[in-house]
C-alpha cells in the first residue's frame with residue numbers, strides 16, 4: 001500500500017534548510033540551537049521578556065515589516081518578496097499546515113500566508129537599490145546627530161574667565177609686538193633665490209656641508225629673531241617675576257622651539273616654503289644647507305601639520321607661553337612657580353580654544369600633541385645623526401651659534417673673543433667650545449672675519465651691568481618698527497576670532 005507522504009516533505013525553504021541531513025529531527029534541533037544561540041544577544045527594550053514571534057512562536061527579536069517576529073521569519077518574508085517566490089509556493093495538504101518553530105521550514109506557502117495574515121507588509125520590503133539608499137540615509141542621519149552632539153558639547157565647554165582674558169590679552173600683545181611683519185607676511189615676504197642654499201660648498205668636520213651664502217642670509221634675520229623671542233618672554237609678567245637664573249635657563253631651552261613654531265605657522269603649502277622672520281621664504285634644502293641640518297625637516301613637517309589648524313595670533317602666543325614655561329629644563333630654581341604658570345597658560349589656552357569653536361574633532365588634544373612635537377622634534381630629530389657636533393639636535397655648531405642654543409655670559413664671551421683674535425667685536429649668544437681653535441672655532445673665525453657673522457647680545461653680563469640682565473629691544477629700530485606694525489586689535493572678552501591662520505612668525 002502506498003504510504004501517504006508526511007508533511008515534512010512539503011516544499012521546504014532551501015535557504016533555511018539547505019543542509020538537512022537524513023535525520024531531519026536531529027538537524028532541526030541543531031538548527032534551533034544555533035538560531036537560539038545567535039539571537040541570544042541584543043533584544044530591543046520595547047519587547048517583553050521572552051516575547052514570541054507572531055508567525056512561528058520562536059523568540060522574537062523586534063518589529064519587522066510591521067509585526068513582531070523572529071529573525072527567521074523576517075528573512076523568509078524578505079526573500080520571498082524580493083525574489084517574487086510566493087507564486088511558486090504550493091502545499092500538498094490544502095493549505096492547512098500548522099506553522100510553529102518546528103514546522104515553519106516544511107511548508108513555504110502556509111508560512112507565507114501566515115505572515116500575511118498576522119499583518120506583515122509586503123510594501124515595506126525594499127529592493128536592493130532602495131535598501132542601499134535607506135542605509136545611506138541612516139548613515140547621514142548618524143553623521144548629523146554626531147555633529148549636533150559635538151556642537152552641544154562645544155557649547156557646554158568652559159570659556160575663559162575674566163582673569164584668564166587678562167592673561168590672554170597680555171600674551172597676545174607680547175606676541176604681536178614682537179612679531180615681524182604681523183599678519184602681512186605673505187605680502188611682504190621675499191623668496192630666497194633658488195641658486196642660494198642648493199649647492200653646499202664648505203665641508204664640515206662631521207662630513208656634512210654648509211652653503212656659506214645661505215648661512216650669511218640666515219645670519220642677518222635669525223639674530224634679530226632671537227632678540228624678539230627674548231622680548232616676548234620679558235613682556236610676560238609671570239616670566240619677569242622669576243629669578244634671572246631661571247629666566248636664562250628657560251630662554252636657552254625654548255628659544256629654538258619658539259623660533260621653530262613661529263616659522264612653522266608661516267608654512268605655505270603652495271610654494272612649500274617657510275617664511276623666516278616674516279620676510280624671507282626658504283625651501284627645505286636651503287634651510288638644511290644653511291646650517292640647520294635635519295632639524296629643518298622637523299620644522300617643515302610641523303608646518304605642514306599645523307596648516308590644518310588655522311591658528312590665530314592668540315593661539316600662537318599662548319602656545320609660545322606654554323613652551324616657555326616648561327619645567328623639564330634642568331637647573332631650574334623655582335620649579336613649582338614655573339609649573340603653576342604653565343598650568344595657568346594651559347588652562348587659558350584650553351578655554352580660548354573652546355571659545356573659538358574649531359570644527360576639527362578633538363582639536364584641543366591634537367593641538368597639545370603638536371605642542372609636544374615642537375619640543376620633541378628639536379630634542380630628538382637629530383638623534384640619528386651619529387655623533388654629530390651639536391648633540392642630539394642635529395644642528396651644525398654654527399647653526400647653534402645663530403639660534404642661540406648655548407648662551408654664555410659676559411666673561412666667557414670675552415674669553416672666547418680673545419681665542420678668536422677678535423676681542424670686543426663678537427657679542428651675544430655664542431657657542432661654548434671645548435678647546436681653543438677647534439675646527440668649529442676656525443670656521444666661526446673665518447665667517448666673522450668675512451663679515452658674515454654678526455650676533456646680537458641676547459643674554460649677557462659684564463662688570464658694569466647687573467648680573468644676568470637681559471637686553472631689551474626698546475632701542476632697536478628694527479624691533480620697534482615691527483612693534484609699530486602690530487596694529488591688529490587684541491581679542492575682546494569674548495573676542496572675535498580674527499582667523500587669519502599662521503599669525504605667528506620669527
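Cβ atoms here come from the backbone N, Cα and C positions, even for glycine.
Fair warning: this is a prediction, and the values are worked out from it, not measured in the lab.
Taken from Swiss-Prot, the feature region 'Modulating' applies to 1-52.
According to Swiss-Prot, the feature region 'Disordered' maps to 1-32 (among others).
Among the features that Swiss-Prot reports, Zn(2+) 1 binding site is placed at 53, 56, 70, 73, with the record citing similarity to another entry. Within 10 Å of the Cβ of residue 70 (Zn(2+) 1 binding site) there are 25 other Cβ atoms, across all protein chains.
Looking just at the zinc finger (53-73), the mean pLDDT is 94. Here Swiss-Prot flags 53-73 (among others) as zinc finger, drawing on sequence analysis.
Per Swiss-Prot, DNA-binding region is recorded for 53-127, and the stated evidence type is sequence analysis.
For residue 91 (Zn(2+) 2 binding site), the Cβ neighbour count at a 10 Å cut-off comes to 18, with all displayed protein chains included. As annotated by Swiss-Prot, Zn(2+) 2 binding site applies to 91, 97, 107, 110, with the evidence given as similarity to another entry.
What Swiss-Prot lists as zinc finger is 91-115 (among others), and the listing cites sequence analysis. Secondary structure counts, DSSP: the zinc finger (91-115) has 8 helix, 0 strand, 17 coil.
Per Swiss-Prot, domain 'NR LBD' is recorded for 163-407.
DSSP assigns residue 228 (3,3',5-triiodo-L-thyronine binding site) to a helix. Here Swiss-Prot flags 228, 277 as 3,3',5-triiodo-L-thyronine binding site, drawing on similarity to another entry.
Among the features that Swiss-Prot reports, region 'Disordered' is placed at 460-506 (among others).
Long-range Cβ contacts of residue 56 (Zn(2+) 1 binding site) within its own chain (separation 6+, distance under 8 Å): 70, 72, 73, 99, 100, 101, 104, 111. The record gives 53, 56, 70, 73 for Zn(2+) 1. Within 8 Å of the mean position of their Cβ atoms, the other Cβ atoms in that chain belong to 52, 54, 55, 57, 58, 60, 69, 71, 72, 74, 101, 104. Nearest neighbour of residue 228 (3,3',5-triiodo-L-thyronine binding site) by Cα distance, taken over the binding-site residues 53, 91, 97: 53. The number of other Cβ atoms within 10 Å of the Cβ belonging to residue 107 (Zn(2+) 2 binding site), over all protein chains shown, comes to 28.
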